[in-house]
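Residues or ranges marked as domain 'ABC transmembrane type-1' in Swiss-Prot: 88-280. If you look up Swiss-Prot, you'll see 27-47, 94-114, 127-147, 151-171, 202-224, 260-280 marked as transmembrane segment.
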Amino acid sequence: MTEKKHKNSLSLVHSIKEELKKDKLAMISTIFLVAVFLIVYIYSMFLKQSNYVDVNIMDQYLAPLTNGHLLGTDNGGRDIIMMLMISARNSFNIAFAVTLITLVVGNILGVITGYFGGRFDLIFMRFTDFVMILPSMMIIIVFVTIIPRFNSWSLIGIISIFSWIGTTRLIRARTMTEVNRDYVRASKTSGTSDFKIMFREIWPNLSTLVIAEATLVFAGNIGLETGLSFLGFGLPAGTPSLGTMINEATNPETMTDKPWTWVPATVVILIVVLAIIFIGNALRRVADQRQATR
């Protein structure tokens, strides 16, 4: 069994490599994303909180290439590149955390409901239908407003309440297909426990789909966090975010006369999300190919 899993993992890696070789856009996107994450997190490691909290009015709204500021400064006299790195790190952290929770909850519930089916599955699916029709954005905004001592963890928890539904339904649908395959029937006949069948036999066969889903969920979470922060309902006040940087564009004067304060963040979000989507589409094709050949 261990040798078989090892071969499957090698086959998965090989399939992904081959797809990336064929899809040059996905390959370039992968290299670009790795570079972005390395630059953002390594750069952030060497910054102190005072670097992006302290205000220097004398350097307020300096234009790019002025006094050593390559992209200029913001309304607090802080370097735009520095703020961009910190903001990107914070936005990525929120997206990573929500994506992790989404995948864990979505995979567990999806495999369980898809495996057992029956009345439990019916009731659970009606519950997810109800949650999906709720105005999640409005509810998140309400929670952000009323929760005392709101912080980054609060935001992660609130977003995660609604984020697992899509992943659960996707994993459930694929699990229901796997349940009817011969290897599952053979395991049931041999007396293998339901837990082992679900998470040692079925779930590994969904790994490509899970990876593809993770990339797309991550892209969506970056967009959601950015949107909430742009509206003023994201990260706590004083915490830099790509959304709060873009919020500078709501000031007509800043939007037209000082575009360097918000354009860099907009460009970063656009390119990063597009790169993730290109990678996700390539991984989804790998998942579909592996499913078709089984």
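Using N, Cα and C of the backbone, Cβ positions are placed for all residues, glycine too.
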Sequence-remote partners of the transmembrane segment (151-171) [C-beta within less than 8 Å, at least six residues beyond its ends]: 90, 93-94, 97-98, 101-103, 105-107, 109-111, 113-114, 125, 128, 131-132, 134, 136, 139-140, 143-144, 206, 209-210, 213, 217, 221, 224-225, 228, 234-236, 239
Positions on the same chain near the transmembrane segment (260-280), where near means CB under 8 A and six or more residues out: 23, 25-26, 29-30, 32-33, 36, 61, 63-64, 71-72, 74-75, 80-81, 84, 87-88, 212-213, 215-216, 218-219, 222-223, 226, 242, 245-249, 254
Interface-richest range of 27-47, 127-147, 202-224 toward the transmembrane segment (94-114), CB pairs under 8 Å: 202-224
Positions whose Cβ lies under 8 angstroms from the transmembrane segment (127-147), at least six residues beyond its ends: 154-155, 158-159, 162, 165, 168-169, 227-228, 231, 233-234
Distant-in-sequence neighbours of the transmembrane segment (202-224), which means Cβ under 8 A and at least six residues beyond its ends: 5, 8-9, 12, 15-16, 91-92, 94-96, 98-99, 102-103, 106-107, 111, 115, 159, 163, 166-167, 170-171, 174-175, 178-179, 184, 242, 269, 272-273, 276-277, 279-280, 283-284, 286-287, 290-291, 294
